[in-house]
Amino acid sequence: MALHSPQYIFGDFSPDEFNQFFVTPRSSVELPPYSGTVLCGTQAVDKLPDGQEYQRIEFGVDEVIEPSDTLPRTPSYSISSTLNPQAPEFILGCTASKITPDGITKEASYGSIDCQYPGSALALDGSSNVEAEVLENDGVSGGLGQRERKKKKKRPPGYYSYLKDGGDDSISTEALVNGHANSAVPNSVSAEDAEFMGDMPPSVTPRTCNSPQNSTDSVSDIVPDSPFPGALGSDTRTAGQPEGGPGADFGQSCFPAEAGRDTLSRTAGAQPCVGTDTTENLGVANGQILESSGEGTATNGVELHTTESIDLDPTKPESASPPADGTGSASGTLPVSQPKSWASLFHDSKPSSSSPVAYVETKYSPPAISPLVSEKQVEVKEGLVPVSEDPVAIKIAELLENVTLIHKPVSLQPRGLINKGNWCYINATLQALVACPPMYHLMKFIPLYSKVQRPCTSTPMIDSFVRLMNEFTNMPVPPKPRQALGDKIVRDIRPGAAFEPTYIYRLLTVNKSSLSEKGRQEDAEEYLGFILNGLHEEMLNLKKLLSPSNEKLTISNGPKNHSVNEEEQEEQGEGSEDEWEQVGPRNKTSVTRQADFVQTPITGIFGGHIRSVVYQQSSKESATLQPFFTLQLDIQSDKIRTVQDALESLVARESVQGYTTKTKQEVEISRRVTLEKLPPVLVLHLKRFVYEKTGGCQKLIKNIEYPVDLEISKELLSPGVKNKNFKCHRTYRLFAVVYHHGNSATGGHYTTDVFQIGLNGWLRIDDQTVKVINQYQVVKPTAERTAYLLYYRRVDLL
């Protein structure tokens, strides 16, 4: 090539054609070196490896083919340009010699219509008559001159696939039948191509430049030696045909059976597959990414066969083609050997025993109902269902019926919670619950089900908190203490990656909580009650599956019924079923009313009882037992400075004046509250938000001292249980504190301090920030934050 370098005449190209066909890899041409006679076109080889009928010639101007002595120099070469089929004078010195089809062999002909050999690209049924018709209609080298005289522009190979990205001449999205666009669409098929396709028998499925051979969306490209067989029946319908075939029902059968098969990878913007009578929306179906299934015939009518290993030809370059649809495909995670469209399943070549083979069924069969549904179908089925319609509910109910609460502390690796909204009151509460050992062990005891295993649920709150607890794992390595200033020992801790518990936030809307209302004050104590009551109610519903008789007992059950309607108590009378006469100290009798309590694991952790006794002259004492999850402590009085003061104020006797009975007589009554049952986990609520008569709300900024070790004195207990509780049953230890920051009752921020057993110290968690603090910082009063919720555990359960 040093003596006579070939010259290139590119002809008249538009700017977009120049950019598309000369800048991209598809616009390159490689030529053999000059050796006295300019050789153009392709070369026929009689015997090719692996039984191929033709030899693939690669083009690229940046490559030079080494001269070969075995290169035959016969005048039967025809000119075929992949750059511009209208230019037979593309290479200087190469003239378009008109050679009749009888003078050449089918291996030596290179059709400009499909950029491939007609003998191998079109003869799907192996008919030599079809090959003759193809050669006659194509005209081979003579066809170039005819098209030049017609002055009708023939688009080069891959023109329409490049226009998928945009352009004025781009066609609308439609189905491709084996790579062909519908001839009714303008600019899709020229008049000559329509005439050429019309002369072909129905069994022949030609390829066009729109279905390139060297493309990653073709199975036969990735495995060059193992393409699909081409024997298509006359009654076969392809994926792109509008009706009467499996392609029309692609939406109903696009996903194969789940058992024994690989799930189908979908595009990033996967749309629901819907059968239609037009070809306008079927382009998306053709753009669906498919995997080769491990079994026989898939439900869409395409039978795929795969082998254990596929040998790729390293000598043949692979060129990536643009995705078939505009949504973009998630092909980054797919293996290279997967077809990307339905049209790629029908690319023709000679079959081989070591490659995926696709067969198209010739008879239409009704689509099978696939157990694997699409994502949008799953979303339709998601939601709350009754426990009777939830097959997993009975399994959870049996587990909870026999559960044993474990109070053993566990060392968990702390993780912050990302707050992208006003979720600090939720995050602070969640961190305190994670630090509660019996709560953690309970949720870890319940299995974690995926959406596939349980698309519909009757226990959304249980599911969410089981998932939350599974986000936390044991501390990997105990942190080593390091020496700091003085004799202090500071421990380092490595928290895990922060995450956003969006599934917890969605519970507010799923259960239609008032906390989800916009413009409403977010309150950590109210959210804690929402969680505990919700978990309790779901567990009650599960108990109904095992004991339907408990259904009538859940009407007044739960800590929600704090207030006592005294008029209703009088209307019930002394003969009510939920009251009895109880003899107290000094032989005093009292009528006790109690709601029907049904125990759940939640009440076994947080549930306590208070006794409210009403004293009235000339009448028996009237007592009512009420359950609670959080003990409400009034701190408004100036005399209350500590938690002990607030507890004593809770049990103090208060008088009520002006009470009128049914006889319209004014009598004096008094009321006293005592603790009937203490829970294993005692949550104290310091009532800092006081509602005024005008409707406003103010925050009490006063500091309330709270100890790390809290002892409940006997004077706080009910008379009947004073002597039944030992000191260890009345002593609690602090393990979590929820703080409220700010001076306003309608705003502010929430943080949490939790005790970490592995660290044997305290952590301060502010959303996703986690840092180590000492115990003094937990109980020390500060102006910027005030304690709002105090979490205590019984010391005998530590």
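Placed from the backbone N, Cα and C atoms, the Cβ positions cover glycine too.
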Quick check on the annotations: Swiss-Prot lists region 'G3BP1-binding' for one of 6-21, 118-133, 694-709. Which range is it?
6-21
Annotation phosphothreonine per Swiss-Prot: which of the candidates T24, T600 has it?
T24
Looking at S215, S292, S516, S563, which is the one Swiss-Prot tags with phosphoserine?
S563
For the set T74, T100, say which residue Swiss-Prot annotates with phosphothreonine.
T100
Between the Cα atoms of S547 (phosphoserine) and H749 (active site, proton acceptor), what distance do you get, rounded to the nearest Å?
44
Could you tell me the C-alpha distance between C424 (active site, nucleophile) and H749 (active site, proton acceptor) in angstrom, no decimals?
6
Given a 10 Å Cβ-Cβ cut-off, pick out the one of the recorded positions C424, S547, H749 that has the most other Cβ atoms nearby.
C424
